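Noted in TrEMBL for the protein shown:
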type	residues	note
DOMAIN	A:40-155	domain 'TRNA-binding'
DOMAIN	A:409-484	domain 'B5'
BINDING	A:Asp462, A:Asp468, A:Glu471, A:Glu472	Mg(2+) binding site
DOMAIN	A:714-807	domain 'FDX-ACB'
Amino acid sequence: MLVSRKWLEQYVDLDGISTEDLAEDITKAGLEVEEVRGPVLNDENIVVGYVQECVQHPNADKLNLCQVDVGDGERAQIVCGAPNVSEGQYVVVAKPGARLPGGLKIKKAKLRGEVSEGMICSLQELGFEDKYVPEDFKDGIYVIDEEVAVGEPACPLLNLDDAVIEIELTANRSDCLSMIGVAYDVAAVYEKDLKLPEPTVYIENELSSDYISVEIENDKANPYYGAWIIKDLDIKASPLWLQNRLISAGIRPINNVVDITNYVLMEYGQPLHAFDYDRFKSQKVVTRMANEGETIITLDGEERTLSPEHLVITNGQSAHAIAGVMGGEESEVQDDTTTVLLEAAYFNPSVVRQGSKDHGLRSEASSRFEKGVDITRVKEAATRAAQLLSEIAGGKVLGEMVEKGSTEWNPKIVEFTASEINQRIGTEIAIDEMKNIIERLRLDYEVNGESFTVKAPARRRDISIKEDMVEEIARLYGYDRIPYTLPEGVMKKGGLTPRQKLVREVNQYLQKAGLNESLTYSLTKEDWANQFVSPEIKALGLEPVALALPMTDLHSHLRLSAIPELLSSVQHNVARNQYNVALYELGSIYLQKEKDQQPEENMRVAGVITGLWEDHPWQGEKKPVDFFVIKGILEGLFVHLHDEEVAFEKAELDRLHPGRTAVMKLNDDIIGYVGQVHPTVQKEYDLQDTYVFDLNLDQVLEAVQYREDYRVITKYPAIAQDLAFVVDRDLPAKQLEDAIKEQGQPHLETVRVFDVYQGEHMEEGKKSIAFNLIFQNDERTLKDEEIEEARQKIVKHLENEYQAVLRG
Amino acid sequence: MDYIYHEEVYKLKERLNEIKEEALEQIQSAVDEKTLQDVRVYFLGKKGQITEVLKGMGKLSKEERPVIGQLANQIRDEISEALETKKTKLEQAALEQQLEEEAVDVTLPGRPVQAGGPHLLRKVIREIEDLFTSMGYSVAEGPEVETDFYNFESLNLPKNHPARDMQDTFFITKELLMRTQTSPVQARTLRKHEGQGPVKIICPGKVYRRDTDDATHSHQFTQIEGLYVDENIRMSDLKGTLNVFAKHMFGEDRAIRLRPSFFPFTEPSVEMDISCKICQGEGCSVCKGSGWIEILGAGMVHPNVLEMAGFDSNQYKGFAFGMGPERIAMLKYGVEDIRHFYTNDIRFLKQFHGV
Ligand SMILES: [Zn+2]
């Protein structure tokens, strides 16, 4: 909502209040000011001039030499290049010393040998936006088409000295979608008188009802309709003051009739519509719901197909307007219009909303109807328009607007006590001050002791419950004056849940392990949504959840793994020469197990690493990431969470390297995977070797075991033994390790692979694998024989079970 | 007593002195321990020069032997001592050489610690979580794919409510949508409490809006909301709580300002501004000349929301607030483009790993 200060001053005295203070004060009261614009220009050297003489410049074809009366008997010679300048015009003259909005300073000068004492201005030169410049003056100077005094300052005349405040209204404050509504609030803020218009109109003897009747078919959709006939109109440009008002409100002047309905729209917030009565071709207005498939060509020239959800204004046969949304082309007011049918109506907000939504038409009018106009002022607004049509457009207003329906309003009654209000705000506002605030708001009220009863008027339909009055009183009392307190209730224990703490642990662990926490989009491309999905999720056989109306194909489906978007982040980095990238993301995937049902959300942690893992070049240490780097990070995580039962098993998964991928299992359930991105996929993303993991964090966290005891550090020595075997190359080390662990009981503490060798000096298809075994007993020193016995048992078992050959 | 010695005595004496000269000279010129060892063996060994001399003592008289014996011992000691001294010297030199060889250029770069770190948004969220949990709040979470009921209806936004801007919402079906706010978590949590206060939660999480991604819009972003429902909660409590938050997040010197606003689920509703750090309230381009920067929305929980969740709105009151960690991060660090938060450029991420 654009609010002209000068317009506002018609209703409220703002003397002594700067525009900046006004903006701040109404912002604090709830009308948030986005911007204060202007004044564009207020220069006394810019005046009205009268062109007394205009001849061609003796030395230039395209220039004119004008003798201009600039007031006080002063006459200036001005060289003017505008094609439309001529003798007898009232024009705007910038005298020497004037400064124009572009920064141009006017000086006395000589142009082609002739003295020029100033400049005759175009509207653009005076700072008008192009869209507000009438067609006639687009390519030349502005000619004032009104009686004006020569020498009069021109800036106020053109409203250039006005300041316009742009207010960002919240959805509940539709009362301020009108100048009068804003005036009410400003008057309340400053405790000022409010001077509202009191429209009166001279009425002809002839009656509107001789020309028109009104029929309402659906009074829910259209509770009230008024039709007024105004004859003998002279359609032309509006007077300057009216154009100024509209321009300050951001509306382009068109002609006097249209401008007047727009003016009343902005002043009262009441949309009016003027039909060309002769083109309406009927003596009756019938408002009804449209028929299915009925069509209308609206003012914008578009043919619209209607349905029974839309309210239309008809002439008894065809639709001439979509009620509250847009008029029809057929009965549009044109230059030759002489009689108008002025519509002043109240339409149901949701019906208008439906119409404007379905037809994609949002206008100043529809947005006001949608929020509910002040039904008690419909007639007053119509009278205001009729008055102006008579005063400005020479119209003859016929007797009595023809009305159907009712403008009655049942005010909402809100009851409260002063102490209730104070308790809710946390203040001690005195009863008298509350009374004063309610009076400033101009609300009808009664007070009995500390009990208030407020009748909320139709203009303030946002007030309906006690809490609304809390807000009204608080905002005028001043939010600044509310004290700072903290709740006094019983202290409640808060904090993170054990699971939330664990999630933080996981984050911290992964960050310490060298991964960068990342955030990617949950909504991804359709094909990506189904890629890199962990086998246990894939096994559910789900389709990714799809948006009904995505904005773009890039974000149309909910992911089943974060890996594709993470890979895209890696790609982004690599493309910018950031080759070493380690990212992880902790977030949901979305499992819709039943059609149209709310999906389950599975918290996962996914990671990706590419490039060098060790990078210390001057010491010659540059080690690219490999499978065991990323596996080590995950193993460390499981150790950290005491989830040590997680097993890694070789797996072949889509889009992953068949020889470098494992699934992770917890109690035989797959909980994720880890592996290298398949070389062909790496090529798709333009990546070097890149490793990924995707882990079901919900399951991991469920299996977490907290450390609950302590193991005394033994004073007895541990005994180490190394064993190396030659085995089949395909035999997984983990099988040997598990077998050794089992056979080495009860004293075998740890088993660790310390060497793996295959290749030269090794039989085809074989490998050598060496283990370091640590034996330990907490209560005593182990005997050599015990170790030897365990060792032999292990060797024998491995020889028998795995055809392992012990290396000397 | 004076003796006239046998001539042999003089010869032996001379020999011993020669040995001494010779030994000391060799010790002097020795450059390593091996040489010293050889010198020791050659002169002092069982078959060494001094032993040789002593073997010649057989020709001497009983009185003469001690003379030579004594001299031999004395020279032996002198050589030993010289050997010892030299050895220490050589060791010292060797150590010095070793130390010199081991010296490093301390200005060369150290081995980088391979460490990652938190994402800026999560860091902001955790900081807010920590503040409010320290004030007795719990952290509540909820689904990102929500029902229309929890995302809208339970928050006083019935179907066809004008403030429900459908254009903003990613729908999946008529009833399912990507939550547009974390407020449904409040509704869910309230319901779980079955009309029994107090409820004190903050709800962080991802939310989604039908926006085209650009420098200031993101179709996915984060929110963190707070809710406190109890008997006798006042608007001044909201103001006090937000003041604690603003000073904690932005600095003790920042002032706050509440302005009336509108949200369907609160009444009264407010927006909170903090004083602009750049211009100290004088007005600048960052604060669009107002001296204030909008930080969050808040208000007193609408009685309809309480009633729908099973709370008696006469008995219970509450306040709620909600903010965007993106906005807070952008203001705090001057991040100019919201897309940075979701691009995961390493050069961006790494900047916020430290304190
Ligand atoms: Zn500023």
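Start at 1 and count along the chain as shown; that gives each residue its number.
Glycine is treated like the rest: Cβ placed from N, Cα and C.
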Would you count the other C-beta atoms found within 10 angstroms of the C-beta of A:Asp462 (Mg(2+) binding site) for me?
20
For the domain 'FDX-ACB' (A:714-807), give the DSSP counts of helix residues, strand residues and coil residues.
30 helix, 32 strand, 32 coil
Taking every residue in the domain 'B5' (A:409-484), what is their average pLDDT?
96
Would you mind ranking the binding-site residues A:Asp468, A:Glu471, A:Glu472 by how many other Cβ atoms sit within 10 Å of each Cβ and giving me the lowest?
A:Asp468
Using DSSP, break the domain 'B5' (A:409-484) down into helix, strand and coil residues and give each count.
36 helix, 17 strand, 23 coil
Helix, strand and coil counts within the domain 'TRNA-binding' (A:40-155) (DSSP):
8 helix, 44 strand, 64 coil
